[in-house]
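Peer 1: Just passing along the structure, written as structure tokens.
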Amino acid sequence: MPDSNFGIVLQSLAKQCKVFWNNQIITAFPQKKLQWKNDFKLMVGDRVQLEDGAITKVLARKNELTRPRVANVDQIVLIQSLVQPKINWIQLLKLLVYFNAKLIDEIPILITKTDLDFDPMEKQKLIDLKQFNYQLFFVSKNEPLPSELIDIFSKKLSVFTGQSGVGKSSLINRLDPSLKQKIQALSVNKFGKNTTTKTTLFSFRGGFICDTPGFNVISIKNLKILAAQHFVGFQKMISKCHFSNCYHQYEKDCFVTTSVMKNRYPSWLYEKYRKMIN
């Protein structure tokens, strides 16, 4: 092995980890000098330097999530359904706030079960999100997955998340049946029951996919503060508010509320914001 190589941590297990290096998966161990550091803790997704099978350096992370523990995420793939279960707007918007605050580059939204009867007004609300640069895909079990959807995974580290019942597993199976088999193999214990497992990355289309069984961000610390800064579409408006700590409700010269009154920002979305923080 050359003196200096770089790999990506796929799975971290106690004192060793699985690393994707040179198109193969190897087992590597952090050097003792790294382990002795008080703040040292490897994360799935870490970019690491390798020398003779040992991890000698962890490169700076561009972002990191705590649930699941994964670093250097390129995109969060948010999966929702309009019906069965009905779309939970507050949960969806909370997730967008959380991931916006974590500096995730892209958050494509996938809407499943579009072959079932749904309220067209709910679909229109989703379409409203496109003006804020969210990619939106509608998928049905009766139609092939759009090529534009498959292309978003190319050479990216993608994390899947979605509430139970929205069809996340079915979607992963349609993308690549072998991925679902690998994920299920990790999430079944010796009694055949599903269990929460270690976060693991799987290679896909030159990038990596991370599934998140049971991942839900319902309670977020400092939600009111985060939402005021990172709610959908607020990022380009908050600098024009009179107060730097504006909560966009009753404050003087608030650019957000002015935009709502002038129909420059969707009123239904603003009402969801107020419901979220109050």
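Cβ coordinates are placed from backbone N, Cα and C, and glycine is handled just like the others.
From Swiss-Prot, here are the annotated features:
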BINDING   THR112, LYS113, THR114, ASP115, GLY162, GLN163, SER164, GLY165, VAL166, GLY167, LYS168, SER169, SER170  GTP binding site
BINDING   CYS241, CYS246, HIS248, CYS254  Zn(2+) binding site
DOMAIN    62-218  domain 'CP-type G'
Peer 1: Return the maximum Cα to Cα distance in Å (whole number) over the record's GTP-binding residues: THR112, LYS113, THR114, ASP115, GLY162, GLN163, SER164, GLY165, VAL166, GLY167, LYS168, SER169, SER170.
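Peer 2: Roughly 19 Å, rounded to the nearest whole number.
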Peer 1: Taking the centroid of the Cβ atoms of CYS241, CYS246, HIS248, CYS254 as the Zn(2+) site, which other residues of that chain lie with their Cβ within 8 Å of it, listed in sequence order?
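Peer 2: Here the non-site neighbours turn out to be ALA228, ILE238, HIS242, PHE243, TYR247, GLN249, GLU251, ASP253, PHE255, VAL256, THR257.
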Peer 1: Do me a favour and check the Cα-Cα span between CYS254 (Zn(2+) binding site) and LYS168 (GTP binding site); whole Å is fine.
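Peer 2: The Cα atom of CYS254 (Zn(2+) binding site) is 39 Å away from the Cα atom of LYS168 (GTP binding site).
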Peer 1: Among the binding-site residues listed here, THR112, THR114, SER164, SER170, which has the most company in the form of other Cβ atoms within 10 Å of its Cβ?
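Peer 2: Checking each of THR112, THR114, SER164, SER170, the winner is THR112.
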Peer 1: Once the DSSP letters are reduced so that anything not helix or strand counts as coil, what is SER170 (GTP binding site)?
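Peer 2: Its secondary structure by DSSP: helix.
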Peer 1: Under DSSP, is GLY162 (GTP binding site) part of a helix or a strand, or is it coil?
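Peer 2: It is in a strand.
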